Amino acid sequence: MSLEHWNLCLQRLQSEFSTSQFNTWIRPLQAEMLPNGELCLSAPNRFVLDWVSNKYQTRIKELLSEFAGDDLAPALKLAVKAQNFAQANQMSPPPPPVSSEPAINPLNNEVARESGYRPGFGLMDDEEGSPNADLEFEAPLTLSGTGLRGELEPYEQGQLPLTAPKRKVQVEGGINHGANLNNSFTFDNFIEGKSNQLAHAAALQVAENPGGAYNPLFIYGGVGLGKTHLMQAVGTEMMRHNPNAKVVYLHSERFVADMVKALQLNAINDFKRYYRSVDALLIDDIQFFAGKDRTQEEFFHTFNALLEGGQQMILTCDRYPKEIQGLEDRLKSRFGWGLTVAIEPPELETRVAILMRKADESGIKLSYDSAFFIAQKIRSNVRELEGALKRVIANSHFTGRAITPDFVRESLKDLLALQDKLVNIDNIQRIVAEYYKIKISDLLSKRRSRSVARPRQVAMSLAKELTNHSLPEIGDAFGGRDHTTALHAIRKIKELQDTDSDIREDYKQLMRILTT
């Protein structure tokens with residue numbers, strides 16, 4: 001057996017697993033041949049090791065036997081990869097001493113320019129929705145024997161209040177100003193489903209054992225799927241267990257703004273001490289660091305310091321770390337040292353459960369049929385789902401009418417009309433044809449080759465799920481086919497989604513494109 005057999009095994013596993021499964025469990029494995037002829041697969045942590053051992057080891061051995069020869073029993077060993085921080089730090093320059101940072105003129109500083117600094121305009125443009133609009137800083141920080149503490153005397157020239165800044169706007173549910181956490185984001189009100197099951201389990205483990213094997217925890221997925229909720233739930237749980245824990249949550253833009261402010265005031269040493277003294281650092285939307293070289297340099301050393309100190313980090317992003325353009329490879333590599341998990345758009349059952357929970361929290365009686373109707377129509381993300389529910393509740397409150405499926409349809413009629421306008425059979429055919437790199441005329445033709453028939457079946461299934469057209473109408477729209485052909489296509493795609501990872505991923509991607 002050789003590493004070539006493992007490479008063949010990787011190719012097969014990538015075709016069998018969904019993208020998120022492969023990226024989470026298989027891609028992080030590092031293979032090497034041991035002197036005794038064993039193939040050793042090293043996992044980045046115990047969590048991945050246990051999962052691969054329990055779920056995938058049998059399949060891996062089957063494939064190795066297939067590629068190495070049926071008569072050769074695969075000699076396979078699974079282990080946890082040892083993290084040698086000394087070696088890791090040799091890969092790149094070590095962090096400079098805290099006292100060696102020179103003063104930098106922000107007008108000539110690349111980071112200041114990247115962050116939007118302009119003379120006379122403050123750190124960043126305070127546009128509506130900007131994470132830096134209406135910022136307040138708490139009392140300036142000084143060093144004490146137990147870390148940073150707030151002082152009440154006025155700021156001195158050149159002194160920077162390096163706590164995470166907070167908004168003047170109060171978030172519903174209350175904010176813990178010490179950690180900048182929204183206390184309404186908890187594990188108790190997070191709805192678990194197939195789409196977020198792994199991320200939820202990993203977050204619970206981190207909350208119970210911060211700084212352990214799953215450090216950093218990297219959560220990625222689209223907008224409005226619950227990444228921030230889950231990350232803040234960990235922070236809230238950590239502070240519930242230890243009220244004195246120094247947990248800091250912030251958006252990545254805030255980290256950049258704090259650093260630029262520190263450079264302006266010649267207080268970069270205080271900045272370093274603060275961010276390296278926390279017990280847990282939670283940073284949202286890490287993709288904002290892309291293209292900001294000075295920020296990445298500083299965060300790289302902060303990352304190393306926290307990891308070596310056993311301090312927990314949780315990062316969120318809108319994409320897999322390897323796919324972040326403009327981010328240094330050394331950071332991408334380190335993001336994978338812990339556990340990387342995906343959150344997918346919620347499936348129908350989870351969407352219904354979310355609506356029922358939100359209605360209950362609002363003291364509103366929502367029937368299953370009404371929740372099902374909303375969940376069937378709003379598929380893109382949790383944020384839009386909640387927005388639709390709030391609209392229905394408000395309409396019910398103002399009119400005094402009970403919430404029924406008909407009332408829901410009436411309340412959301414303009415939203416549904418817009419959705420129907422955007423998602424119609426013509427658009428579905430166009431998007432599917434572009435996705436599979438075929439012509440729309442191929443979908444309407446009598447051709448039955450798999451390269452055309454399968455995309456046609458996918459398009460028919462999407463048309464049934466995303467539009468209100470009947471089976472005869474769908475069949476007719478695809479080259480004058482009858483309703484039995486459309487029904488067969490829908491059933492076939494549903495069956496393939498359970499057995500074919502490629503079809504399952506294609507369908508998810510197309511659904512995301514059509515509903516976002």
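Counting begins at 1 with the first residue displayed.
Yeah, the Cβs are placed from backbone N, Cα and C, and that goes for glycine too.
Quick look at what Swiss-Prot annotates:
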{"type": "REGION", "residues": "1-72", "note": "region 'Domain I, interacts with DnaA modulators'"}
{"type": "REGION", "residues": "72-179", "note": "region 'Domain II'"}
{"type": "REGION", "residues": "180-396", "note": "region 'Domain III, AAA+ region'"}
{"type": "BINDING", "residues": "Gly224, Gly226, Lys227, Thr228", "note": "ATP binding site"}
{"type": "REGION", "residues": "397-516", "note": "region 'Domain IV, binds dsDNA'"}
Note: among binding-site residues Gly224, Gly226, least Cβ-dense neighbourhood at 10 Å is Gly224
Return one of helix, strand or coil for Gly224 (ATP binding site), based on DSSP. coil
Using all protein chains in view, find how many other C-beta atoms are within 10 Å of the C-beta of Thr228 (ATP binding site). 18
For a quick check of packing: other C-beta atoms within 10 Å of the C-beta of Lys227 (ATP binding site), how many? 25
In the same chain, which residues outside the set Gly224, Gly226, Lys227, Thr228 have their CB within 8 A of the centroid of the CB atoms that define the ATP site? Gly221, Val223, Leu225, His229, Leu230, Thr316, Ile343, Val382, Arg383
Quick one: average pLDDT across the region 'Domain I, interacts with DnaA modulators' (1-72), no decimals. 81
